[in-house]
């Protein structure tokens, strides 16, 4: 499959969320706040974990990497969406579109694998506490992070490999605020049935595989915590609640899009906004509200800087 020399699409038109100018200005204000809060919140988590020696553990090392991925995910499409709210013609070059597809699937695939690594960390901490420090070494954590990025990038490259050479020679309107892979594939000037099946298989395997691994891990962990009668089970359950909440809110829209990637329901745009814009904000909110160690470190960090400013 190769591009023809005639009528090759050089750019795509992003139809965005609405045609109403007033509503676009309102959404610009709302999503600007969400974007800035998300980036600052995740950056703060990384800084606090790096500066507080009490958070020098595998769980928080993985959490800081999760925050980094969320910062990346916040920046792959949201800044352009904000700019497009203020302009009439919302276009993106062919190269820019392919870059968005690559970045989105790299970050999503990496986050899926990292959430599995975080579940494994909690499994060892709760089910095999005496062996935790031996098993969850810094070297293993670095390996987990490397594998997460490697799987995410390979997942993305496998999508891009059969998308970039599709013949785009006519329609170029994408009914989203970013280049959504299934919608871009449907614009190709050929029968895309086989490509759609490959997309569904590729995305479905990684999302459902990770989700099942997480369900099994957290089920075993919750059963173990339920058997405890010590006061430590309360703190463990609080930490687990934060992890499980992130997993559900992350994988809910993700599985929907990956199982029904070519659907045209009105809820699709709402879920795409939630998934790409709001999801990166969940990490700092949930972990700061549900995790006592992070809360304590945040208070300590804030008090330290407040006192520094006073003197």
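A Cβ is built for glycine as well, from the same backbone N, Cα and C atoms used for every other residue.
Model, not experiment: these values are computed from the prediction.
Long-range neighbours of the transmembrane segment (25-48) within the same chain, counting only residues 6 or more positions beyond its ends whose Cβ lies under 8 Å from a Cβ of the stretch, are 17-18, 55, 63-64, 67-68, 70-71, 74-75, 78-79, 81-82, 85-86, 273, 277-278, 280-281, 283-285, 287-288, 294, 297-298, 301. The transmembrane segment annotation in TrEMBL covers 25-48 (among others).
Summarising the annotation, TrEMBL assigns domain 'G-protein coupled receptors family 1 profile' to 41-287.
Marked as transmembrane segment by TrEMBL: 60-78 (among others).
Same-chain neighbours of the transmembrane segment (98-120): 59, 62-63, 65-66, 69-70, 72-73, 76-77, 92, 141, 144-145, 147-149, 151-157, 159-160, 163-164, 178-179, 181, 184, 203, 206-207, 210, 213-214, 217-218, 221, 243, 246-247, 250-251, 254, 276, counting only residues six or more beyond its ends whose CB sits under 8 Å from a CB of the stretch. The transmembrane segment annotation in TrEMBL covers 98-120 (among others).
Taken from TrEMBL, the feature transmembrane segment applies to 140-162 (among others). When Cβ-Cβ distances below 8 Å are used as the criterion, the transmembrane segment (140-162) is approached by residues 1, 58, 61-62, 65, 98, 101-114, 117, 120-121, 181, 195, 198-199, 202-203, 206 of the same chain, each at least six residues removed from its ends.
Taken from TrEMBL, the feature transmembrane segment applies to 205-225 (among others).
Within its own chain, the transmembrane segment (237-259) has Cβ neighbours under 8 Å at 59, 108, 111-112, 115, 118-119, 122, 200, 203-204, 207-208, 210-211, 214, 218, 221-222, 225, 268, 271-272, 274-275, 279, 282-283, 286-287, 290-292, counting only residues six or more beyond its boundaries. Per TrEMBL, the feature transmembrane segment maps to 237-259 (among others).
Remote same-chain partners of the transmembrane segment (271-289), defined as residues 6 or more beyond its termini with a Cβ less than 8 Å from a stretch Cβ, comprise 17, 31, 34-35, 37-38, 41-42, 44-45, 63, 66-67, 70-71, 73-74, 76-78, 81, 104, 176-178, 180, 242, 245-246, 249-250, 253-254, 256-257, 295, 298. Summarising the annotation, TrEMBL assigns transmembrane segment to 271-289 (among others).
Confidence over the domain 'G-protein coupled receptors family 1 profile' (41-287), given as mean pLDDT on the 0 to 100 scale, stands at 87.
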